[in-house]
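Presented below is the structure to which this report refers.
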Amino acid sequence: MNPQQQSLLLDSAAQFPLPQGVKFSYGTSGFRADASILESTVYRVGILAALRSIKTQAVIGLMITASHNHVSDNGVKIADPGGEMMSQEWEPFADSLANASDSKQLLQLIVEFVEKENIQFGGRGAEVFLGRDTRPSGESLLEAAKQGISSIVGAVSVDMGVVTTPQLHWMVRATNKGAKAFEQDYFDQLISSFRCLVDLIPQGDRGNNQEKLIVDASNGVGGVKLEVIKKSIHGLNFEVRNAGKEGVLNDGVGADFVQKEKVTPHGFGPADVGIRCASLDGDADRLVYFTALPNSNSKIELVDGDKILSLFALFIKEQLSILEEANKVNNSYQAHLGVVQTAYANGASTDYLKQTGLEVVLTPTGVKYLHEKAADFDIGIYFEANGHGTILFSSNFLTWLDGRVNELGSTGKGSEQLKASLRLLAVSKLINQAVGDALSGLFLVEAILQHMGWSIHKWNELYNDLPSRQLKVKVVDRTAVVTANAETEVVSPPGIQEAINVLTAKYPRGRCFIRPSGTEDVVRVYAEASTQEAADDLASSVAKLTDQFLGSH
Ligand SMILES: CC(=O)N[C@H]1[C@@H](OP(=O)(O)O)O[C@H](CO)[C@@H](O)[C@@H]1O
Ligand SMILES: [Mg+2]
């Protein structure tokens, strides 16, 4: 690093002092905190993004959002060249940068890291795409990010404006693949692949497309984008509520609220009972469906990420079996389909998926783990119960599919196989290949429901969720809980797992695990059993146990 670069960094960093008494940690969702203390963090993540871009020789994304959290919070995270979350190898560097006490220490950390990683300045420079959600603090934090990026000589930032998190990831991925990546290109891809799926629905099966869908947009960026898409999309009748014009972001609205509270969000009333509704979170990377129950005090039937996954898996399996019929003759590609869940997936969903003959893999909580695992398959479908997920297609499989389409299209034969291939290709374009995306997920759900001719009720009846309960326990040191087997077993402190097993065995269909949260200073307890009372009981007795073993605050 030359002296000119070093003095540029020193001068610029001095304008973003670290707030007193806070410790930042790059968790499952990047850095997150009250927006008022985040300027230095976002500035430093700007530097990090520029370095990452030089290292990878590719465009990197920097997103300013705190997703479903309170409107006064904000956060920042990095998208890697393929649009995925930043490599975990760089997380410790992110942590030390964010916590460097002054500009001298910051510079020293950067100099050492640049040397260790052999980051070569003076090549093609760095390019960072910036995005932010609708939070009012986003604008000033964006300035901090720009300053961080421009403190690296030759680095440039491109402001994508107010976008959903998945849009920014998509733009990074598309640009690095040499494709067009403006917002309009994203919309065009969603709209045309949705259209393609709807046009491929066998005649006579189109039933439910006139039934209205209502989308709760959490008063966030997803609502703004849906209103734009609504102007150009055909074949779907939907209304956007909580679009951000009046209400407060994530306040009694949105996917996180609906999934946790299991009641209708603000803006929904008795007139909506029985209607198919969807809910996005604040940065539109989570999606759940619900329908309000009659005479029930706003209670809902929740159709969560597990059921979205099940719907996608069924549809894809159906298309693959059409192709496999033909493969018996052609002896060609055997696509490896797999689904990825976490321990929070409802046990009934895992049983259902296995019974349908699907390969199910569990990973620890956090999208980066699920995404990585899903990428091992030709078609890997992953979802967290909270509604974050997507479908990944391997490039080998897509190349094979393209070839199939050309072959079948030119001979005019095998129209069922041609349609199945075209459907799978359309799904690969509709669904975001970079990260879970509520908008693309929503259009895929809608296309599949139309294809199946299913109502939300029929979809919800795929299986019945086991009653479950989640609790949080504040302990002295949550890192004392060490887990194994995708967080389903505690290996330390010793003895606690045996005690959990004894309690769990008392309840029919009992299942229970504890793990330290990656985003809050708590240990989470999850329990499920055949009745709600039993699930509640099991959760509270394991919470007590956790408290006994780990001591409360
Ligand atoms: C039980 C639960 O919902 N956990 C969430 C939550 O992680 P925790 O590590 O449990 O705090 O936030 C993550 C980031 O948004 C999300 O990936 C995850 O699913
Ligand atoms: Mg989110």
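Every residue gets a Cβ built from N, Cα and C, even glycine.
As annotated by TrEMBL, active site, phosphoserine intermediate applies to S67. When secondary structure is read from DSSP and collapsed to three states, S67 (active site, phosphoserine intermediate) falls in the coil class. Sequence-distant neighbours of S67 (active site, phosphoserine intermediate) (same chain, six or more apart, CB under 8 Å from its CB) are S29, G75, D133, T165, D256, D281, G282, D283, D285, R286, listed in sequence order.
The Mg(2+) binding site annotation in TrEMBL covers S67, D281, D283, D285. Around the Cβ of D281 (Mg(2+) binding site), 32 further Cβ atoms fall within 10 Å across all displayed protein chains.
The substrate binding site annotation in TrEMBL covers E384, A385, N386, R515, P516, S517, G518, T519, R524. If you take the C-beta of N386 (substrate binding site) and look for same-chain residues 6 or more apart in sequence within under 8 angstroms, you find A255, D256, Q259, R286, V288, D304, G305, Y344.
Mean pLDDT across the domain 'Alpha-D-phosphohexomutase alpha/beta/alpha' (55-89) comes to 97 in this model. The domain 'Alpha-D-phosphohexomutase alpha/beta/alpha' annotation in TrEMBL covers 55-89 (among others).
Broken down with DSSP, the domain 'Alpha-D-phosphohexomutase alpha/beta/alpha' (105-176) shows 37 helix, 15 strand, 20 coil. Look at TrEMBL and you will find 105-176 (among others) tagged as domain 'Alpha-D-phosphohexomutase alpha/beta/alpha'.
The domain 'Phosphoacetylglucosamine mutase AMG1' annotation in TrEMBL covers 181-288 (among others).
Taken from TrEMBL, the feature domain 'Phosphoacetylglucosamine mutase AMG1' applies to 304-454 (among others).
Per TrEMBL, domain 'Alpha-D-phosphohexomutase C-terminal' is recorded for 473-544.
Just so you know, of the binding-site residues D283, D285, E384, the Cβ with the fewest other Cβ atoms around it within 10 Å is the one at E384.
In this structure the residues listed as binding substrate are E384, A385, N386, R515, P516, S517, G518, T519, R524; their two most distant Cα atoms lie 18 Å apart. Over all protein chains present, the Cβ of R524 (substrate binding site) has 22 other Cβ atoms lying within 10 Å. Within the same chain, residues at least 6 positions away in sequence whose Cβ sits under 8 Å from that of P516 (substrate binding site) are R478, T479, V481, T483, V522, V523, R524. The 6 Å Cβ screen around ligand 2 retains S67, D285 from the recorded positions S67, D285, P516, ordered by sequence position.
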